[in-house]
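Taken straight from TrEMBL:
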DOMAIN    16-140  domain 'MSP'
TRANSMEM  163-182  transmembrane segment
TRANSMEM  194-214  transmembrane segment
Amino acid sequence: MQQQKRQPELVEGNLPVFVFPTELIFYADDQSTHKQVLTLYNPYEFALKFKVLCTTPNKYVVVDATGAVKPQCCVDIVIRHRDVRASYYGVIDKFRLQVSEQSQRKALGKKEIIATLLPSAKEQQQQKEEEEKRIKEHLAESVFFEQTLCQPENRTASSGPSLLTVFLGVVCVAALMLPTLGDMESLVPLYLHLSVNQKLVAAYVLGLITMVILRT
């Protein structure tokens, strides 16, 4: 009776496989990353057999590439990178984790894990920080570019500064008058304290608004 209830789940290739992580990153300059661990979870009511396959087995050592995991338990699979060389930097390899029921040979489910060798963890972090910095600078330039495009329309619409320009000027002045972060003697609530960079932006925008008002 129990076999009939779970039979629909045991369709070949359709059983979900739960493994973490799904991506392995090895760094050539950090030997501690040359050993990675995959954790296979079995949330089902029956035991599972597993097998680990790899597209480039000559580059890796998989400890216990085959084994079993009990119902509602997990097992760790250790993977070591044994061929760290510059020609492999950035190359994406793939592992395939296949699972089956202990009494059967057919694969009930499979999961692919990608593996990449990178030269340095520090270089990777620096590239990420530089990319984030470029994105922030681009967004800031886009905001100021849109403001300068709106200025001619404001001048042609009326002889004096628009209400939006005046409002932005008042907001910038108020921002400059608020206390700076780290000023513990101020009675103003902490969430109204601005950083130095925020005040510099407010001062820059106020300068642009002042030029617009003087030209109108």
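Cβ coordinates come from backbone N, Cα and C, glycine included.
Long-range Cβ contacts of the transmembrane segment (163-182) within its own chain (Cβ-Cβ under 8 Å, at least 6 residues beyond either end) map to 154, 188, 192-196, 198-199, 202-203, 205-206, 209-210, 212-213. Residue counts for the domain 'MSP' (16-140) under DSSP, helix first, then strand, then coil, are 30 helix, 61 strand, 34 coil. Mean model confidence for the domain 'MSP' (16-140) is a pLDDT of 89.
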